[in-house]
Ligand code: S5P
């Protein structure tokens, strides 16, 4: 059982984005990240305004927003300051180093300018980290590698996952952890997760309290299964929080509070088990 508290782990990280996330988690007593996957800027902002008090992080897919304008990012940053949450653009970079550096810094979205954390598929090998790091490190940004996915039949298993952990170990100033379904410290190591002396942030999607899947391959586990059973740090919840009617902001806020409570209760159970 991984028993280290979020507060005690801040000192294990030099990366400013990793430290900020752990500080916010402790301050707000929240290990909930809400993934806001909606296509209208107005809905996007209304959901963030509703869930803001309950989350440590907002995860975005900016490229699905149909009426995106650069001002939306400034509003998002203002909400991040108002409600005290980190921003994680779930870009899933997966190209050669030179291309991902351009995609991260430039284009319409200029992700590196506003997103504390982003992520990458390890599939191109270490050069994907080198490219992103050349843009993000100097700005105090952090990277998560997708070591495992939540979907049925995902190819992210065995030696692929092990190689993702190796890529992270070689870049600990920038790679702060993983998108994964369990802890990763013991992968490729002969010790248990909590005795390696390593500290990766484990952010875990595929979390839901009411349903087990979405009919398109997504697989859900409960916050307790993820945090106590698998030792993960942050639960990422999308549709389980905001449902299908985005105008029901009081209900959305209630769901966020429900997931915050469940996630934190599970964390306290893990610490004291
Ligand atoms: O393995 C993964 C990795 C990610 S980042 N499985 C996922 O579902 N995600 C993302 O988490 C996905 O892109 C989506 O934004 C979110 C899950 O949303 P939900 O509505 O199924 O909770």
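Each residue, glycine too, has its Cβ placed from N, Cα and C.
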Of 59, 257, 265, which one shares the substrate site with 37, 150, 218, 238, 239 in TrEMBL?
59
Can you tell me the three-state DSSP label for residue 239 (substrate binding site)?
helix
Let me know the largest Cα to Cα distance in Å among the substrate-binding residues 37, 59, 150, 218, 238, 239, as an integer.
17
Tell me which recorded positions (37, 90, 92, 95, 218, 239) have a Cβ under 6 A from ligand 1; sequence order is fine.
37, 90, 218, 239
Using the centroid of the Cβ atoms of 37, 59, 150, 218, 238, 239 as reference, list every other same-chain residue with Cβ within 8 Å of it (recorded substrate site), in sequence order.
35, 205, 206, 236, 237
